[in-house]
Amino acid sequence: MAKMAASLLESGEDAFRKVFKFYRRRNPPPDYSQVIDFSTGVPSDKIVPAKLDLAAVTDAEAARVGLQPVRDWRAFGLQGYPGFIFISNPFLPGSQPSWVRQCLKTYPQKPNVCNLDMHMSPSETQDIWGKSVHSLSVRSSAKREPKTLLERLRWVTLGYHYNWDTKTYSANHYTPFPADLHSLSLQITAACGFPGFNAEAGILNYYRSDSSLGIHVDESELDHSRPLLSLSFGQSAIFLLGGVCRQDAPTAMFMHSGDMMVMSGQSRLLYHAVPRILPAPQGHMASVMEGCGLSLQDSSGVEAVSEEDWAVCCRYIQSSRVNVTVRQVLGPGQSFPETPSSHQRTDAGQTAGYHDRAADGESEKRKRSSSCDSDDAQT
């Protein structure tokens with residue numbers, strides 16, 4: 001099996017798809033020996049230290065958004081992927097629960113947009129958390145019950161709301177971007193060498209155990225000089241990072257709760273995908289769970305989570321993963337074109353790329369084209 005995994009690293013006709021299918025398959029299960037795990041510290045000839053700007057973010061600024069001092073972050077790059085930075089869980093103990101709560105309780109609420117809005121009235125999706133919390137709190141694991149609205153969430157958009165049909169953003173489809181997430185994104189990107197990052201759009205993907213994210217490139221933003229930021233909470237995932245064409249075989253890596261990725265420069269427009277969600281290693285989930293009732297340091301601006309809220313969050317992330325991607329859509333002096341371009345590729349979180357076998361009948365296949373090939377985003 002290890003030989004099979006190694007052979008998948010060769011380039012060839014849609015090598016990315018072959019690797020995606022390898023890690024996606026259920027029987028027999030794939031071999032994970034070729035998957036990079038940045039949390040273990042095991043040396044690899046592909047892993048290189050990433051240089052951070054220690055002076056860009058003060059300890060107080062980091063603590064206000066629940067992060068450790070930048071000097072304590074464990075940041076890495078990968079050979080052959082200029083501009084890619086992986087940060088292995090830089091959150092302060094006890095601060096992840098607050099961000100999990102925001103992703104589940106706050107960000108899905110109006111005026112933000114979610115997949116449920118596609119087939120439900122605004123009044124029905126007005127309070128997703130409130131309409132789900134009781135069932136999630138008292139549910140018996142032995143009894144199969146209808147899914148709550150929270151469990152039916154697949155995506156939420158923030159700021160400039162992505163249009164899944166035209167694959168564009170527009171000036172007239174915008175709601176205020178969450179200030180706390182903007183602040184978190186600003187500190188992370190500044191430490192990575194991108195001061196003044198303006199978080200203008202966000203996509204949250206909600207993964208169940210059998211979910212995946214199809215092969216795609218994020219290029220709908222009008223300015224590609226600014227980085228793409230990705231945050232992971234809950235269960236773990238295998239993330240595949242490829243090249244500029246589908247013929248380039250990807251590198252596989254684990255993303256655990258609290259991990260972050262910054263894709264900039266040449267890595268900003270590379271193919272990537274999530275073929276599989278995996279149970280988080282015991283130690284990783286323990287570091288998240290310990291947040292319940294933990295007293296955060298005085299300098300932290302992260303709000304503690306009540307035991308009632310955390311009980312619901314805990315139940316959710318024990319079987320699910322939430323991924324947050326934050327983007328700057330417009331560069332300095334840029335504005336939206338009057339007529340959206342029709343030559344843009346599929347963006348992350350799109351119905352075409354995000355696949356869930358229990359997705360309540362939502363469409364999971366749409367065509368997309370690229371300069372390298374033409375294929376379904378969903379495999």
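Just so it is clear, glycine is given a Cβ too, placed from its N, Cα and C backbone atoms.
Among the features that TrEMBL reports, Fe cation binding site is placed at His216, Asp218, His272.
Look at TrEMBL and you will find 336-349 tagged as compositional bias 'Polar residues'.
What TrEMBL records for 354-365 is compositional bias 'Basic and acidic residues'.
As a whole-number mean, the pLDDT of the domain 'Fe2OG dioxygenase' (198-330) in this prediction is 87. Sequence annotations record features per position, and here TrEMBL assigns domain 'Fe2OG dioxygenase' to 198-330.
If you look up TrEMBL, you'll see 332-379 marked as region 'Disordered'.
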Residues that sit under 8 angstroms from His272 (Fe cation binding site) by C-beta distance, when 6+ apart in the chain:
Ile215, His216, Val217, Phe239, Leu240, Leu241, Gly242, Pro250, Met263
Helix-strand-coil residue split for the domain 'Fe2OG dioxygenase' (198-330), DSSP-based:
24 helix, 48 strand, 61 coil
